[in-house]
Structures are given as C-alpha cells and as structure tokens.
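Positions annotated as domain 'Major facilitator superfamily (MFS) profile' by TrEMBL: 111-523. Taken from TrEMBL, the feature transmembrane segment applies to 148-169, 176-196, 202-225, 237-259, 265-284, 337-357, 377-398, 410-429, 435-455, 467-491, 497-516.
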Amino acid sequence: MNSTLSLNRPVRNYTLGSFKNPKLIEARPSRHQLRSHLIDFSKLKWFGNVNSRTGSSVQQQLRDYSCESRRITSRRIRVSSNDAQFGSFPNKGGAESSSFAEFITSERVKVVAMLALSLALCNADRVVMSVAIVPLSLAHGWSRSFSGIVQSSFLWGYLISPIAGGTLVDYYGGKAVMACGVALWSLATFLTPWAAENSLLALLFARAMLGVAEGVALPCMNNMIARWFPSTERARAVAMAMAGFQLGNAIGLTLSPILMSQGGIFGPFVIFGLCGFLWVLVWLSATSSTPDRSPQISKYELDYIMNKRQKSHAVESKPKTKMIPPFRRLLSKMPTWSLIVANAMHSWGFFVILSWMPIYFNSVHHVDLRQAAWFSAVPWCMMALTGYLAGLWSDTLIRNGTSITLTRKIMQSIGFVGPAVALVGLTAAKTPSTASAWLSLAVGLKAFSHCGFLVNLQEIAPHYSGVLHGLSNTAGTFAAIIGTVGAGFFVELVGSFQGFLLLTSLLYFLAALFYIKFSTGERVHFDESADS
C-alpha cells in the first residue's frame, strides 16, 4: 500500500489539468523531461503488491503523463527551433507568428541589431566628408585631385588597422575590440572641426585616425556573428548588420546637409561623434562576447546555438587562436585569394560611388548640394533592402540542399555582374532621376556580395576569420585608395566621369570570373595540425 501511495503522489502532481497551466510548465522545466519514457509498463509488478484495479489505474495515469510529456517536450523543441531559424518549420495556426515574435526578442537579434547600429555610425562618420568636401573645396580653393587626396586620407588609416585589428579580434573577441574602435572613431569625428580650423595636416591626421579605428568594424562584426549565429542563419545575420552599414550612408548623406545648414559645416561631425559615445555605453552594458556568457539568454536559445555550433565547427570548439596567425599558409590557398580579389573589387566600387557620387550629380547633372546628397542616398537605402532579401534567399538555398559553394558563387556573381551592367547604363543616363535609378540598381545588386565573399570568410577559416578579413580588407583599402584618388586624376585628365565608370564595370566582370573559378564554401585547413 505504501508503494502505491508513493507511486501515485508524483503522478497526481502532473495531471492533465496542470499541464494546461503554462506557468507551471515554465517554472518546472526539469520535472517534465523524458523520464517517463523509460518506464516499462509491463514491469509494474516490481513495485510490490498492487491489486489489479490499482495497477491498471496507475498504468493509465503513467501513460497519460508520458503522452503529455512527449507532447510538451516536442512543442518546446519545435518552438525553440522555429525561434532560432526565423520560423523555418511550418506550423499550423499561429505557431509561425509566435516563433517569429520570440525570435525578434532573442539575444542574438539584439547583438546583430547593435552591430548594425555601430556600422551605421561607422559609415555616417565616414560619408560626412563626402558632403562637406564641396564647401571645404570652395572655401580653400582645392582642385578635384586634391579633394580626392583629402577624402582618401581616411583610407590611409584604414590601410593600417585591418590585419592588426583582425588578429586582435580573433584573440580577444569582437566585443572588446569593437568598443575600443567605436570610441576611437567617435573621438576622431568629434575632433574633426577643431582639426580643420587649425591646419590641413591636423585634418588629414584626424581623418586617418578615423580610418584606423573603423578598420576593426567589419572583422568584429564577422567574429560576433560567427559566435552567435549557426551557419544556416549567418547570411541573414550578415545582411541585417550590413543593412545598418548601408543605412549609415543614407543617414550621413541626407542628414549632413540639413545639419550643416543649421549648425555650420561641422555640425554633423559633432552630432555623429556624440552618438558614437552613447553607443559604446549601451554595447558594454547590454551585450556579451559569446552566448554562453550572456546572463539574459534563454536556455533554449543557448542550447540551440551550442548544438548547431558543434555541428559546424564553431570558433569556441578549438583552443584560443594563436596571437600570430599563419600568414604564409593563409596566402598559399587560392580560396584566400578569391576573397582578397572580391574584397578589393567590392571596396573599389564602394568607395568610388560613396566618395564621388555627390560631386558627380553636382557637376554632371548640375543639381545643388542638398539634391545631390539625396540622389546619392537613395541607392544605399536600396542596398539595405536588397541585402536582407539576398540573405533570406541565400539561407533558403542552403536549407533546400544547394551546396554552400554554389550558393556563394551565385550571390557573388549577382553582386558583381549586376553592378557592372548597371554602371554601363549609368553612363548613358540623361537626367538626374534616370541616373539615380541606374545607380540604385548598381548599388542594390552590389549587396548580394555580402552573401558571397563576406559570409565566405567565416566558412573557409572560422578560427582565422578576423585576420583573413583583415588581409582582404587591406587589399580592398589599397584598391579603394587607387579608385578614389584615381577617379579625381582621371576626371581632370580625361574630363569625364563616364570613362571611369566604364573602367569600373570592366573590373567587376573580371573579379566575378576570378571568384567563380577559385572560391569554395568548404572549410580550408590552414593549420598544419588540423585534422583533414
């Protein structure tokens, strides 16, 4: 009789009615695991003398409990997985909307949202000079070629930091390095008005320091996404972060003329600098470098990320990366060079468009500065939208069985061939509206590159993604300097922006062919001790 009472007591605590109470389920998750699944109902006689009526009742209650436990566990696993994969498992009723609501409040979305905001500030601080260069050139009598030198001073600093910054990111993690980077570039932005008022050398130094600090931004973004997102979600995560990057261009180009009209030429530098300091405070207090260190993350989200990470050779599954990376082995593989070439071409096109389009609209289509900024800003909004759509499509292709290698090549081909064709159309545009439409198409399709080479960095070298990003960024910065400065000299010598745009189109075609030939989506073992 005692055995019957002891057996019935836990069963009565978990009747069907109690399972309908969500608070009880959430408060005691460990009490609803699969222990009942291990019960062999044919061996209930082991508990002692149980009469047939009591034994039958006990068996029925245990079967009911087992069924409910399976159903609840299944429901929890399904919700957690849907939450993690943007509602990728179809459910009946309102399950999809519920899982999406849970996803957008998850910790990894908060992390990528903060990254997107930092990249928005990164580009806003960068493009202010693209607008301010017009009144500064008029005030100081600078030529087109010298204006290109002033704008390229940012890239002098950007050339220095990516490799060192990428190495620091791999060693210390993205959180700390990103905080230092944002603090330093916000200080450089804030001090730019003082530097410009004192001397040209001080202005060039401030812009170079901005470049040094911003060189760590994309390696940090890649590192944090590799730690927080499984491989089936990374393209979308990168697209979300890079959407902030592109919106930063639009924000900088549209707000700068307004702020300049209200607070003088240097108004936007002060405002954006202060915003950066505020971001650092929120970043340090509200985010963690890895999911397992986050005090706010739910158990189910953490389990999902950790399980997926184990299957995809995540960063933390191996001892900490060496402080001095294997540069020789990194550069001995053609997939590395495919990323370097892709980043170089991406940066060439990006900085040429970013730096020269306001001047292009002002000089070729004769629109005033504020209109030129608006025409130049529209494409970046388009890039933010198409980048996210490209991420959705990329992850869908992989989940449906398309190989990672083929997916990356498709994305990169669209990201290079599309802008190449659109730039040809831009050269033939006769009105500002037509030119803005072609430019929007070029920049919008360019966003597909983010789901090509930019995600590919994490896939071929998860333990060296930071330094590999630094290497490719350095090549990209060289290309950006040549493109930015070269565009000014080209226009002075030839007298035409259109010729330089046609040259850029040709380079896009050649870079696409190189990437298709030599890239891969498979992991490349750069360590001599790595298992094959």
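Every residue gets a Cβ built from N, Cα and C, even glycine.
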Among 148-169, 337-357, 377-398, 435-455, 467-491, the stretch with the most Cβ pairs under 8 Å to the transmembrane segment (237-259) is 377-398
Practice item. With pairs restricted to those 6 or more apart in sequence, evaluate whether the transmembrane segment (410-429) and the transmembrane segment (467-491) have 3+ C-beta pairs under 8 Å. Key: no
One stretch in 148-169, 202-225, 337-357 has more Cβ pairs under 8 Å to the transmembrane segment (467-491) than the rest, namely 148-169
Across 148-169, 202-225, 337-357, 377-398, 497-516, the most C-beta pairs under 8 Å with the transmembrane segment (435-455) come from 377-398
Among 202-225, 337-357, 377-398, 497-516, the stretch with the most Cβ pairs under 8 Å to the transmembrane segment (148-169) is 202-225
